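Here is the structure we will look at, set down as structure tokens.
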Amino acid sequence: MSSRTLGEWLRSLRRPSARHSILALVAVGIAIGLAIWASWNFGMEATGTEEFCLSCHEMRDNPWPQLQQTSHYSNAAGIKATCTDCHLPKEFIPKMVRKIEASREVWGSLIGLINTREKYIAHAPAMKAREIARLRANDSQECRNCHVVERMQLTLQSRRAREYHQAMASNGKTCIDCHVGIAHPGSAGQAAAGSH
């Protein structure tokens with residue numbers, strides 16, 4: 001091994017060998033990749049919280065008070081469903097699709113589409129119809145993340161509820177078909193739904 005002077009070593013840093021160049025590029029690539037991943041993960045987590053949803057006064061002033069009146073907010077078991085439990089899928093691909101769709105809702109908030117109670121009420125039927133269609137399309141997956149039909153103690157339910165839940169798989173119905181408005185009672189444009 002030859003001994004190099006400090007000057008030679010410093011000059012070699014300005015003209016690194018191919019091996020050192022590749023190692024440096026790999027290290028920089030890993031660092032950038034980790035930074036992007038951490039930023040992405042932070043953004044996904046931050047925009048998937050109840051606090052984020054309620055940071056818009058449209059949500060805080062309109063659907064939030066409705067939710068607070070339901071058993072999804074306060075119940076004997078102390079279980080509380082948050083905005084994202086019902087409106088944000090848990091699986092990665094559906095979650096990303098929903099977040100992209102939600103960017104339209106954020107845009108609507110920014111341009112004042114639903115920034116007053118009157119505007120919110122006027123747009124509520126269309127927003128509700130989109131959400132019902134989404135839940136029907138995914139077989140009410142967000143409901144099923146907590147409510148597992150196969151684990152329901154049907155004997156503890158009313159006769160009507162028991163019949164509906166037993167027939168649900170065979171008649172093509174999903175949770176939202178009977179439980180529309182369950183978390184937002186009295187929402188504008190709510191269709192009458194049988195409670196059981």
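In case you wondered, yes, glycine gets a Cβ from its N, Cα and C as well.
Averaged across the domain 'NapC/NirT cytochrome c N-terminal' (16-185), the predicted model reaches a pLDDT of 89. Taken from TrEMBL, the feature domain 'NapC/NirT cytochrome c N-terminal' applies to 16-185.
The annotation transmembrane segment is assigned in TrEMBL to 21-40.
There are 17 other CB atoms within 10 A of the CB of CYS56 (heme 1 binding site), with all protein chains counted. In the three-state DSSP assignment, the secondary structure recorded for CYS56 (heme 1 binding site) is coil. What TrEMBL records for CYS53, CYS56, MET59, GLU105 is heme 1 binding site.
Look at TrEMBL and you will find CYS83, CYS86, HIS87, HIS184 tagged as heme 2 binding site. The secondary structure of HIS87 (heme 2 binding site), as reduced to three states from DSSP, is helical. A sphere of 10 angstroms centred on the C-beta of HIS87 (heme 2 binding site) encloses 19 other C-beta atoms.
In the three-state DSSP assignment, the secondary structure recorded for HIS147 (heme 3 binding site) is coil. Counting every protein chain shown, 13 other Cβ atoms lie within 10 Å of the Cβ of HIS147 (heme 3 binding site). Annotated heme 3 binding site per TrEMBL: CYS143, CYS146, HIS147, in sequence order.
According to DSSP, CYS178 (heme 4 binding site) sits within a helical segment. Summarising the annotation, TrEMBL assigns heme 4 binding site to CYS175, CYS178, HIS179.
For CYS143 (heme 3 binding site), the number of other Cβ atoms no farther than 10 Å from its own Cβ, over all displayed protein chains, is 21.
Put simply, of the binding-site residues MET59, CYS146, HIS147, CYS175, the one whose Cα is nearest the Cα of HIS184 (heme 2 binding site) is MET59. In terms of C-alpha distance, the listed binding-site residues CYS83, CYS143, CYS146, HIS147, CYS175 place CYS83 closest to GLU105 (heme 1 binding site).
The binding-site residues recorded for this entry are MET59, CYS143, CYS175, and the Cα of CYS143 lies nearest to that of CYS86 (heme 2 binding site). Taking CYS53, CYS83, CYS143 as the binding-site residues under consideration, the smallest Cα distance to CYS175 (heme 4 binding site) is found for CYS143.
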